[in-house]
Amino acid sequence: MRILVQKFGGTSVADLTCMRQVQSKVEKALAEGYKVVCVLSAMAGETNRLLTMAREWSSRPDPSEQDVLVATGEQVSVALFSMLLKDAGWNARSILGFQMPMRTDNDFGKARIMAIDAEQLKKQMEVHDVLVAAGFQGCDDCQRITTLGRGGSDTSAVALAAALNAERCEIYTDVDGVYTTDPNLCSRARKLDRIAYDEMLEMASMGAKVLQIRSVEFAKKYNVPVLVRSTFSDASGTLVTKEDPSMEQVKVSGIAYDKDQARVTLREVPDRPGVAAAIFVPLADAGILVDMIIQNVSLQGRTDMTFTVSRSDLERTLELLEKVAEDIGATEVMHDLGVCKVSVIGVGMRNHSGVAGTAFRALTSENINIMMISTSEIKISCVIEEKYLELAVRTLHDAFGLDQNPGI
Ligand code: ADP
Ligand code: ASP
Ligand code: MG
């Protein structure tokens, strides 16, 4: 059985006209002889609407009930699309997370996939042309509904492709591939034909929401070829794949940005062993991901500790730090929401020097102050003021000549 997994995001299933486009992509694959697993997101805006509703009804929505609520978005999409396919004469059925079953842990709101019953799914595929699978949702060992975090349908699709040994996983969206930067922010962005898993992983981790981070982790781990392409055109898309030597020739392949950043500073923290643990262990225990950390040089045995967290975690972070600050004797906890992060990414950085210098010079030329810096072997990230975001992305994109096809 030749299996193809095709995933369609929120804008691709926004209304009947869009769903007809989806139908034509699925029918093309069927005509090529594939059995299709078609993974759908909720209709555009629906997940946000449901989350807003939860917050209106409850000051702190119960995480498991919130998952029951938001998972309905995908249920609507798969039911409606299955009706379309059946009307067109195809043997199709909808399948929800708990019916697959897609087993996850019970970390509601950001559950991780533990197991997929591939045998049971394959049995279903023997008797159906198309399984219309709800993305984003799974269930834990106690049969409670879980969701996989924002953008989680990408991960559902890649995980299903891995479990079913599909030929590839196609991610259909509203842009025709992965670009050198967000094409909706920078008109000079250039579509990439291919991108290495590690580069895509950094792009996604640094904020490029075209693929959810975990979907790329899955793709890399199980070697699933992922093709990102548009629902609304026949353009060839971008293949996310294993790295090959030619990719290393290109110093920089993309610029990512992340607006979901909040900066927190603990003032005048005592500079002695155990203080960092006293600050960051309670945050880690609360499931809060801390991104960049800077500790200043100490003056008279005290120093400032600055770090970034996701904006949605800020309230919890400040709550926890109130007690920590008291325990360790910090004088003040400050925070700043007007920041964002821009990142320069490329596997070629491993063996090319000078990338950081070029990036810093480019930002300086526009008078953009760099507040924090972090690096890995294939990326350089800077926290800057949010009002400079677009300018910084365009400036960096130009500085590395990303609108041109890469010369070596
Ligand atoms: P979907 O609803 O189909 O899952 P998303 O909104 O999650 O779509 O992801 C697609 C969006 O990702 C694009 O509309 C684009 O604005 C954004 N994006 C950010 N960075 C990039 C990039 N480097 N290449 C392509 N798209 C990007
Ligand atoms: N509907 C979910 C979200 O908006 C999952 C997804 O679209 O991938 O985050
Ligand atoms: Mg998405």
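Keep in mind that glycine also has a Cβ here, set from the backbone N, Cα and C atoms.
Listed in TrEMBL:
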- Lys7, Phe8, Gly9, Gly10, Thr173, Asp174, Tyr179, Lys209, Val210: ATP binding site (BINDING)
- Thr47, Glu74: substrate binding site (BINDING)
- 264-347: domain 'ACT' (DOMAIN)
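Distribution of TrEMBL features across the structure.
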residue: Lys7; record: ATP binding site; Cβ contacts under 8 Å, 6 or more apart: Cys38, Val39, Leu40, Ser41, Gly135, Ser153, Asp154, Ser156, Ala157, Cys169, Glu170, Ile171, Tyr172
residue: Gly9; record: ATP binding site; Cβ contacts under 8 Å, 6 or more apart: Ser41, Ser153, Ile171, Tyr172, Thr173, Asp174, Thr231
residue: Thr47; record: substrate binding site; Cβ contacts under 8 Å, 6 or more apart: Gly10, Ser41, Val70, Gly73, Phe136, Arg150
residue: Glu74; record: substrate binding site; Cβ contacts under 8 Å, 6 or more apart: Leu40, Ser41, Ala42, Leu96, Ala134, Gly135, Phe136, Gln137, Ser153
residue: Tyr179; record: ATP binding site; Cβ contacts under 8 Å, 6 or more apart: Ala189, Arg190, Lys191, Leu192, Gly254
residue: Val210; record: ATP binding site; Cβ contacts under 8 Å, 6 or more apart: Thr173, Val175, Val178, Met203, Ala204, Val228
Overall pLDDT of the domain 'ACT' (264-347), taken as the mean | 93
Counted with DSSP (H/G/I as helix, E/B as strand, rest coil), the domain 'ACT' (264-347) has 30 helix, 34 strand, 20 coil
Would you mind checking how many other C-beta atoms are within 10 angstroms of the C-beta on Thr173 (ATP binding site)?
-> 24
Residues among the binding-site residues Lys7, Thr47, Glu74, Tyr179, Val210 that border ligand 3 - Cβ under 6 angstroms, in sequence order = none
For ligand 1, the binding-site residues of Gly9, Thr47, Tyr179, Val210 whose CB is under 6 Å from one of its atoms are Gly9, Tyr179, Val210
Helix, strand or coil: which one is Glu74 (substrate binding site) in, per DSSP?
-> helix
Collapsed DSSP category at Lys7 (ATP binding site) | strand
For the ATP site as recorded (Lys7, Phe8, Gly9, Gly10, Thr173, Asp174, Tyr179, Lys209, Val210), determine the largest distance between any two Cα atoms, in Å, rounded to the nearest integer.
-> 19
Helix, strand or coil: which one is Thr173 (ATP binding site) in, per DSSP?
-> strand
